[in-house]
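S.K.: One structure is given below, represented as structure tokens, and several questions about it will come after.
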Amino acid sequence: MPELPEVETVRRTLTGLIVGKTIQSVRVLLPRIIQRPDDIRRFELELAGHRILDVGRRGKFLRIIMDGLVLVSHLRMEGRYGLYDGGDPLEKHTHVIFHFTDGTELRYKDVRQFGTMHLFLPGEEFSHKPLAKLGLEPLDEAFTEEAFRKAISRRTTKIKPALLNQEYVVGLGNIYVDEALFRAGIHPERPANRLGDAELTRLYEAILDTLTEAVEAGGSSIKSYVNGQGEMGMFQHSLRIYGRQGEPCVNCGQAVEKTVVGGRGTHFCPHCQPPYTEESVVGKGSVQAKPKGRTKAAAQAKGSASARAHTGNGVRG
Ligand SMILES: [Zn+2]
């Protein structure tokens with residue numbers, strides 16, 4: 001499933017492919033993709049004649065900005081855009097076609113059919129579903145450590161579901177939450193409101209580092225990522241913890257574990273991400289205190305990992 005870095009990569013690619021083009025007509029082959037307006041004919045007719053000015057992003061949503069309209073598009077599991085020539089044969093699972101005045105076409109394909117499109121007047125999109133209640137944008141300047149603390153530090157849920165909640169911080173999905181928590185050395189089941197100051201700082205930096213590196217990697221591989229027809233897929237990047245259950249941890253060598261947190265498959269290192277030990281909050285009552293030395297060792301292991309990860313702002317432990 002695309003997360004913020006993948007959607008950002010799609011946004012950048014799409015910008016190069018369609019900005020400046022004018023829509024001649026639109027054809028919807030699968031009505032359920034179009035969530036707004038209800039009337040599919042109206043969707044098709046309203047888009048005709050509009051020129052594409054820019055492609056933006058809010059969380060995992062693309063915002064195709066036109067003169068007088070904004071199309072909000074979510075790729076969900078398998079949605080893809082591709083630029084084709086008008087004469088190219090129509091591939092399976094093509095659900096929406098934007099014909100441009102220059103003879104090219106932007107086609108939306110979606111094998112799983114979970115993707116959505118909403119059409120708005122400019123600016124209107126931020127006060128309606130699906131963008132209305134979205135939280136902090138982690139690659140924005142407004143995503144300061146202070147703002148992050150405010151959004152997260154009072155939540156009583158476990159930290160992993162708190163980070164997945166798009167009303168607090170947008171764009172983080174299952175993969176990058178696991179990666180960020182691993183880098184920060186924080187167990188995914190720790191209650192968000194029990195994280196210490198230093199942990200919140202590490203987590204904030206880990207989120208930024210993880211997303212920035214993934215976006216850069218996506219950006220640098222953009223040529224191989226777009227095929228001859230300008231079709232975009234998901235970028236496969238190097239993951240340190242996600243999907244590595246049973247393999248040795250890259251920090252300490254201990255086997256990576258997989259569990260379920262808030263209904264989501266969750267990967268963590270039991271050594272580098274020690275569980276929470278304060279009995280008062282963990283209702284199960286079966287938590288034994290961890291020897292201090294181990295926590296310290298974990299912190300050191302993590303510290304060296306962060307150093308390796310670099311980032312320039314080396315304010316750690
Ligand atoms: Zn480890």
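Quick reminder: no glycine exception, Cβ is built from N, Cα and C everywhere.
For Pro2, the entry in TrEMBL reads active site, schiff-base intermediate with DNA. What TrEMBL records for Glu3, Lys60, Arg264 is active site, proton donor. Annotated DNA binding site per TrEMBL: His93, Arg112, Arg155, in sequence order. Taken from TrEMBL, the feature compositional bias 'Low complexity' applies to 296-309. Here TrEMBL flags 2-115 as domain 'Formamidopyrimidine-DNA glycosylase catalytic'. Marked as domain 'FPG-type' by TrEMBL: 240-274. The annotation region 'Disordered' is assigned in TrEMBL to 285-317.
For the listed features, I'd like the structural context: burial, neighbours, distances.
M.R.: According to its DSSP assignment, Pro2 (active site, schiff-base intermediate with DNA) is coil.
The Cβ neighbour count for Glu3 (active site, proton donor), using a 10 Å radius and every protein chain shown, is 21.
Other C-beta atoms found within 10 angstroms of the C-beta of Lys60 (active site, proton donor) number 23, with every protein chain shown included. According to its DSSP assignment, Lys60 (active site, proton donor) is coil.
Taking the Cβ of Arg264 (active site, proton donor) as centre and 10 Å as the limit, one finds 15 other Cβ atoms among all the protein chains shown.
If you take the C-beta of His93 (DNA binding site) and look for same-chain residues 6 or more apart in sequence within under 8 angstroms, you find Lys109, Asp110, Val111, Gln113. Reduced to three states, the DSSP call for His93 (DNA binding site) is coil.
Confidence for the domain 'Formamidopyrimidine-DNA glycosylase catalytic' (2-115), expressed as mean pLDDT, is 94.
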S.K.: Indicate the candidate from Arg112, Arg155 with the smallest number of other Cβ atoms within 10 Å of its Cβ, considering only these binding-site residues.
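M.R.: Looking at the binding-site residues Arg112, Arg155, the Cβ with the fewest others within 10 Å is that of Arg112.
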S.K.: Could you state the whole-number distance in Å separating the C-alpha atoms of Lys60 (active site, proton donor) and Arg112 (DNA binding site)?
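M.R.: Each residue's Cα considered, Lys60 (active site, proton donor) and Arg112 (DNA binding site) end up 17 Å apart.
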S.K.: Closest of the active-site residues to Arg112 (DNA binding site), Cα to Cα, picking from Pro2, Glu3, Arg264?
M.R.: Pro2
S.K.: For Glu3 (active site, proton donor) and Arg264 (active site, proton donor), what Cα-Cα distance in Å is obtained after rounding to a whole number?
M.R.: 15
S.K.: From the Cα of Pro2 (active site, schiff-base intermediate with DNA) across to the Cα of Arg155 (DNA binding site), what is the distance in angstrom?
M.R.: 26
S.K.: Would you identify the secondary structure of Arg155 (DNA binding site) according to DSSP, in three states?
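M.R.: Once the DSSP labels are grouped into three classes, Arg155 (DNA binding site) ends up as coil.
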S.K.: What is the biggest Cα to Cα gap, in Å, among His93, Arg112, Arg155, the residues listed as binding DNA?
M.R.: 41
